[in-house]
Amino acid sequence: MSKTYDGVYHEKQVKELCALHALNNLFQKKQAFTKQELDEICQSLSPDVWINPHRSLLGLGNYDVNVIMTALQRRGCEAIWFDKRKDPSCLQLDRISGFILNVPSDYRLGFVLLPLRRKHWVAIRQVAGTYYNLDSKLDSPVLIGLDEELVTYLRRQLENKEKELFIVVSTENSEKWLKQAEEIIPR
């Protein structure tokens, strides 16, 4: 299910398709990517296997980072893993298209919480000068704020050792997303 809130496109969670929703939310476009395209990427990554390691056994989604990275490359972007030992203030935000955060998630079957830990993909991006959390598990986008609030938000998220951050940049900015040492303001 998708909807636009004050000019911000947001898809809500369906099945295990959080990677698909994160990509579409990142690109701010319905069907920027489709389940069929992500399934084709899975097949291309592991063409000769019976059980594909890049998605759920049942084919309901739960795509891994390799699928996301390949999908982004098809659109002229790169996903770069962010080293949590660095402070997010080192990011050159004007050269970054958005972020994909990988977070731990409880697994439920209806109302029953199962003892399984899954990973969930969340898009974060700037729309009209303001950053939003576009998590597909949320009812609507959540305002993060301007650059300073985004850096604070990312710091808080990365305090959790189980969370991983991927920086999404255009291919031409794949080497230019990090500030030079003299540009970094200590916190």
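In case you wondered, yes, glycine gets a Cβ from its N, Cα and C as well.
Features as listed in TrEMBL:
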- Cys18: active site (ACT_SITE)
- His120: active site (ACT_SITE)
- Asp135: active site (ACT_SITE)
- 5-183: domain 'Josephin' (DOMAIN)
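All chains included, 27 other C-beta atoms sit within 10 angstroms of the C-beta of Cys18 (active site). Within the model, the domain 'Josephin' (5-183) carries an average pLDDT of 84. Here the CA atom of Cys18 (active site) lies 8 Å from the CA atom of Asp135 (active site). Annotation for His120 (active site): same-chain Cβ neighbours under 8 Å, separated by at least 6 residues, are Cys18, Asn102, Val103, Pro104, Ser105, Asp135, Lys137.
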